[in-house]
Amino acid sequence: MTNIRKTHPLMKIMNSSFIDLPAPSNISSWWNFGSLLGACLAIQIITGLFLAMHYTADTATAFSSVTHICRDVNQGWIIRYLHANGASMFFLCLFLHVGRGVYYGSFTLYETWNIGIILLFTVMATAFMGYVLPWGQMSFWGATVITNLLSAIPYIGTDLVEWIWGGFSVDKATLTRFFAFHFILPFIISALVLVHLLFLHETGSNNPLGTSSESDKIPFHPYYTIKDLLGLMFLLLTLTILVLFSPDLLGDPDNYMPANPLSTPPHIKPEWYFLFAYAILRSIPNKLGGVLALIMSILILAIIPVLQTAKQRTMMFRPLSQIMFWILTADLFTLTWIGGQPVEHPFVTIGQVASILYFSLILIIMPTVSLIENKMLKW
C-alpha cells in the first residue's frame, strides 16, 4: 500500500516540499537560515496573537496595557520579551540569509530573489509599525520622524503624510491603523513565504560550489531536517538567554517613558536592525536625497543580479571578491554603529564615507573586481 503522505492531496504537497524534496548533498549551515526564519515567523505570530488579546490600541491606554501584560497577565512578561527579542533574532537571521545569497550567488534565482526582497521590505514595515505600538517616547518620536520622511515626496508629500497619520500629527488614528497593519502583515508575509518557496522549488537550491546539483541530490528528510533542528536549538537557546537574562539589552530605555509630544528625546534612533539604513538616511543633507538613499540601501539588492560580471556563480574560489564582500560586511557594521551615535563630528563624516563606500562597493568596485578575476583566470 502506498504511503498516505504520497497520496493525500495536502500531505503530498508537504511531502514534496519538506520530506522527499531532492536537496544538494553539499549545502552548508549557511542554508539553515531559511528554516530558522520560518521558526522566527511562527514564534512572532504566536506570541503576537497572545499579546493582541491583552493590548489596547488607544493612546490613553496603550502604554499601560503593555505594563499590564508584563505585571498582571500570567507569563505576560515572557511573551512580551519573546516577541520583542524574537524580532531581533528574525532580523539577524534575515541579514545572514541575504548575506549568504550574495556570497554564494543565489541571486541568480531571480524570482526567488525578488520575492525575498519584497519579503524584506514587508518584514521591515511590520517591525517599524510594531515598534510604535507600546506608545513609549521612542515609539512616538520614531513614528513621527520616519512617517514625516514621506513629506519629501514632491507635490503629494504633505497630503500623503497627513493621510497616513489620519490627522495633523501622530495620534490615536495612527496608532489604531498601525496596530491593524501590524496584525495583518505577518499573515501576508506567510503567504509571500509560500510563494518564495514555490519559486525556490521550481529551480532547486543553490549550493556552495555554485555548480549544478542535478546529478547529486539527497532527500531533505532526514539529512537536512536534523541539521535544521540543530540550528533551531541554537536559535532558541540564544533567544532564551536573551529573554531570561537581559531582555532590555537591545531595546531603548526611552521607551519606558510614556509618549509625550511636548518632549523630544535627546537622540531619536530606531532599533538596531534599522540603524545601517538610518545612518545612510542621515548622511545625506538633502531630505528627498536621504529618503531615496534609504530606499536604495535595500532596493540595491534587486540590481545585484544585473551587476553580476563574474564567470563563476559563487565567491568560494574568488579571493578578491571575498575581500570586497567582507569589507562590505565591515562597512555595514560601521553604518550600524554610526546610526546609533549623535549627529556630531566625527560621526557625521564617518557616516558619509561609509555610505559612499556601501554604494560604491556594490555598484562599481565588486563588478570591476569580478572582471579582473575573469582576466586572471583567462576567462
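Here the Cβ of each residue, glycine as well, is placed from N, Cα and C on the backbone.
According to Swiss-Prot, the feature transmembrane segment maps to 33-53, 77-98, 113-133, 178-198, 226-246, 288-308, 320-340, 347-367. According to Swiss-Prot, the heme b b562 binding site annotation covers HIS83, HIS182. Residues or ranges marked as heme b b566 binding site by Swiss-Prot: HIS97, HIS196. The ubiquinone binding site annotation in Swiss-Prot covers HIS201 and rests on similarity to another entry.
Feature annotations (Swiss-Prot) mapped to structure.
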{"residue": "HIS83", "record": "heme b b562 binding site", "contacts (Cβ under 8 Å, 6+ apart)": "GLN44, THR47, GLY48, LEU51"}
{"residue": "HIS97", "record": "heme b b566 binding site", "contacts (Cβ under 8 Å, 6+ apart)": "PHE33, GLY34, LEU37"}
{"residue": "HIS182", "record": "heme b b562 binding site", "contacts (Cβ under 8 Å, 6+ apart)": "GLY48, THR126, MET129, GLY130, LEU133"}
{"residue": "HIS196", "record": "heme b b566 binding site", "contacts (Cβ under 8 Å, 6+ apart)": "THR112, ILE115, GLY116, LEU119"}
{"residue": "HIS201", "record": "ubiquinone binding site", "contacts (Cβ under 8 Å, 6+ apart)": "SER16, SER17, LEU21"}
### Message
Contact between the transmembrane segment (288-308) and the transmembrane segment (113-133) is defined here as three or more C-beta pairs under 8 Å separated by at least 6 residues; is that satisfied?
### Response
yes
### Message
Given a Cβ distance threshold of under 8 angstroms, which distant residues of the chain, six or more beyond its ends, lie next to the transmembrane segment (33-53)?
### Response
69, 79-80, 82-83, 86-87, 89-90, 93-94, 96-97, 100, 182-183, 186-187, 189-190, 193, 228, 231-232, 235, 239
### Intrachain neighbours beyond the transmembrane segment (320-340), with Cβ under 8 angstroms and 6 or more residues off its ends
99, 102-103, 269-270, 272, 274-280, 282-283, 310, 347, 350-351, 354-355, 357-358, 361-362, 365-366, 369-370, 372-373
### Query
Same-chain Cβ contacts of the transmembrane segment (77-98) under 8 Å, 6 or more residues past its ends?
30, 33-34, 36-37, 40-41, 43-44, 47-48, 50-51, 66, 69-71, 116, 120, 123, 127, 130, 235, 238-239, 242-243, 247, 250-251, 271-273, 301
